[in-house]
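Step one of this worksheet: look at the structure below.
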Amino acid sequence: MPNFPFTTEFPWPAPAKLNLFLHVIGRRADGYHNLQTVFQFLDFGDSLFFVPRGDGVIRRTDGPADIPEDQDLVVRAAHALKSASGAGLGADIAVTKRIPMGGGLGGGSSDAATTLVALNRLWNIGLTIDELATIGLKLGADVPVFVRGLAAWAEGVGEHLRPLNLPEPYYLVVTPPVAVSTGEIFSAPELPRASEPITAEAFLGGEGQNDCEAVTCARYPLVREALDWLRQFGPARMSGTGASVFLACPSRAEARGLQDQVPKGWHSFVAAGLNQSPLGTLA
Ligand SMILES: C[C@@](CO)(OP(=O)(O)O)[C@H](O)COP(=O)(O)OP(=O)(O)OC[C@H]1O[C@@H](n2ccc(N)nc2=O)[C@H](O)[C@@H]1O
Ligand SMILES: Nc1ncnc2c1ncn2[C@@H]1O[C@H](COP(=O)(O)OP(=O)(O)O)[C@@H](O)[C@H]1O
């Protein structure tokens, strides 16, 4: 195997995201939904390790046991990058998972984005960020924002992105023990699909909600319970299509204090909101 400048043993970050609000404003002919949302990153996430291979083979050497290797978004992203670029190299990829799966925190998309950015560098392909975002969009609607690495106002299915400078509070994020399927919520007949578009300025002034909340809460009563519990302390909201709910707190200490009271059996963490992804500094 050639001696690569980065036979990297250091972890590449794949941060979680929050949707600070999420409006469904229409349905496209292909069934996908046009959204308005704001993405912010968290200083909490998965870690990915890459060792380039000279023989062209792509393998996941460690990762979530319940996701078959060939379906893992890191493996799919590596294959997509290889065929888009014609790269001859391969990689061993290990994933340390921390982001709850099906949690509305974008873990799979973030892992895919980190794979695209890391292998673009390690394989020395030199694709632009725009090219990586285009490849990423085919893997998942949330991949482009993770590739670009800036907190953003998003429209379309998440591909029209405008960087946004947001406050960076500490968040308490609570995930009850259910995995919500994004496809199930978007295909629910009862999902409201006609929110009036708002402006970023209106969001910054306090407008906005999560249009998926009622559907997810009705179908997953534990998400309702988690929201009701967190709303004792402030204006909590759901991220994406759930299952995670979050509350902005004035300080890390205050968030930790609330975390101590999270009911048993619910996953939780405290993390700072970030307008720049930790991956951004490596891209
Ligand atoms: C709703 C959001 C908000 O950030 O987050 P999550 O709750 O998944 O984290 C995303 O738009 C999700 O993005 P992502 O998780 O990448 O979704 P995809 O894999 O592309 O889509 C899963 C399925 O959801 C439906 N879907 C997804 C996005 C969208 N704008 N309209 C849709 O109708 C489609 O049926 C699609 O087959
Ligand atoms: N590396 C990965 N990490 C997480 N989920 C993955 C991964 N690869 C594929 N998936 C699939 O993507 C689905 C959505 O996962 P995830 O992105 O964590 O949640 P969400 O879309 O709710 O934010 C999972 O249920 C899983 O089947």
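Each Cβ is built from the backbone N, Cα and C atoms, and glycine gets one as well.
Automated prediction, rather than curation, is the source of TrEMBL annotations.
Per TrEMBL, these features apply:
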type: ACT_SITE; residues: K17; note: active site
type: DOMAIN; residues: 73-149; note: domain 'GHMP kinase N-terminal'
type: BINDING; residues: P100, M101, G102, G103, G104, L105, G106, G107, G108, S109, S110; note: ATP binding site
type: ACT_SITE; residues: D142; note: active site
type: DOMAIN; residues: 213-266; note: domain 'GHMP kinase C-terminal'
Inset, instruction - Report the nearest neighbour of K17 (active site) in space among the binding-site residues P100, G104, G106, G108, S110, comparing Cα positions. - result: G106
Legend entry - Remaining residues near the recorded ATP site, that is with C-beta within 8 Å of the centroid of the site residues P100, M101, G102, G103, G104, L105, G106, G107, G108, S109, S110: A16, I99, G240
Legend entry - Rounded distance in angstrom between the Cα atoms of S110 (ATP binding site) and D142 (active site): 8
Legend entry - Most crowded position, judged by CB atoms within 10 A, among P100, G104, G108 as binding-site residues: G104
Legend entry - Cα-proximity to D142 (active site), 10 Å cut-off, over binding-site residues P100, G102, G106, G108: G106, G108
Legend entry - Assigned conformation of G102 (ATP binding site) - DSSP reduced to three states: coil
Legend entry - Cβ under 6 Å from ligand 1: qualifying recorded positions of K17, G102, G104, G108, S110, D142: G104, D142
Legend entry - Collapsed DSSP category at S110 (ATP binding site): helix
Inset, instruction - Mind running the binding-site residues P100, G102, G104, G108 against ligand 2 and keeping the ones whose CB falls under 6 Å of it? - result: G102, G104, G108
Inset, instruction - For S110 (ATP binding site), just count the other CB atoms lying within 10 A of its CB, please. - result: 30
Legend entry - Mean of the pLDDT scores, which run from 0 to 100, over the domain 'GHMP kinase N-terminal' (73-149): 97
Inset, instruction - Count up the helix, strand and coil residues in the domain 'GHMP kinase C-terminal' (213-266) according to DSSP, in that order. - result: 25 helix, 7 strand, 22 coil
Inset, instruction - Look up D142 (active site) in the DSSP assignment and report helix, strand or coil. - result: coil
